[in-house]
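Single-structure report; data block below.
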Amino acid sequence: MTSHTKGPVIIVTGTPGTGKTTHSQLLAGESPVPLKHINIGQWAKERDLYESYDEEWQSHAVDEDRLLDELEPIVAEGGVILDWHTCELFPERWADLVVVLRCDHTELWNRLEKRAYPLKKIQENNQAEIMEVVLDEARSSYAAEIVVELKSEGTEDLESNVARIVQWINTWIKDSEKNSSQ
Ligand code: ADP
C-alpha cells in the first residue's frame, strides 16, 4: 500500500471502447475525496509526449519515459485516476487499485464502429478483448488483491461499478486515517 495523502491512485484500464473514460468521469464526480481524472491519451497529446503517429493504424506512440517523469509528481500526491488502454508501464508502487473493464465483443465492435476506427483497428481491439490481453497485463503487473475485473456493457453496470469503487474508496480513507493515527 502506498502513502498517497490526497487520495488513492486508481488505474482504470481496458481495451479501447470498454468504458474507461465514462467510468472515470462518473467516478471523479461521485468520489468522496477529490480525484483528478487523467485521460492519458489526451494528456500526452496536450503535452506533446508523442513520438510518432501511425497513419495506417491511426494511433500514436507515446514517449513512455517522459510520460512517467511528468506523471510521477502528480501520482506521488495521490487522488488520481489514470485512464488508459494499457497499464503495465505504470510502476507497481503507484497503484492502490487497478480496475479492468470488460465488454462483450459484439457490443465492443459496435462502439468502435461508431468511433469510425479503421476496420483493422476494430478487429485488433476486438481480438485483444476476446484474448483478455489487458486483464493478463494487469494481473502480471500488480498484486492480485488490487486488480478488479468489472463488466461494462450497460448503464446499470456503469452505475454499480462506480458505486463499488466509491465503497472501496471509503474503506481506503478509513484505513489511511487509521494508519496515520498509529
Ligand atoms: P474508453 O474510454 O474505454 O475508450 P468510453 O468511455 O469512451 O471508452 O466509452 C465508449 C462508448 O461506449 C461511449 O459511447 C460510452 O458512452 C459507451 N459505454 C461505455 N461503457 C458503457 C456502459 N457500461 N454502458 C453503456 N454505454 C457504455
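Backbone N, Cα and C atoms are what each Cβ position is placed from, and that goes for glycine too.
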Report task. Given that TrEMBL annotates Gly17, Gly19, Lys20, Thr21, Thr22 as ATP-binding, name the residue from Arg115, Arg139, Arg164 that shares the site. Result -> Arg115
Query - Per TrEMBL, the range holding region 'LID', considering 103-113, 114-124, 147-157, 169-179 - result: 114-124
Query raised in the report: Given the model, what does the mean pLDDT over the region 'LID' (114-124) come out as?
Result: 94
Report summary line: By a 10 Å Cβ neighbour count, the lowest-scoring of the binding-site residues Lys20, Arg115 is Arg115
Query raised in the report: Inside 8 A of the center formed by the CB atoms of Gly17, Gly19, Lys20, Thr21, Thr22, Arg115, which other residues of the chain have their CB, for the recorded ATP site?
Result: Pro16, Thr18, His23, Arg111
Report task. Take the region 'LID' (114-124) and count its residues per DSSP category (helix H/G/I, strand E/B, coil), listing them in that order. Result -> 7 helix, 0 strand, 4 coil
**Report entry** For Thr22 (ATP binding site): DSSP state (helix, strand, coil)
**Finding:** helix
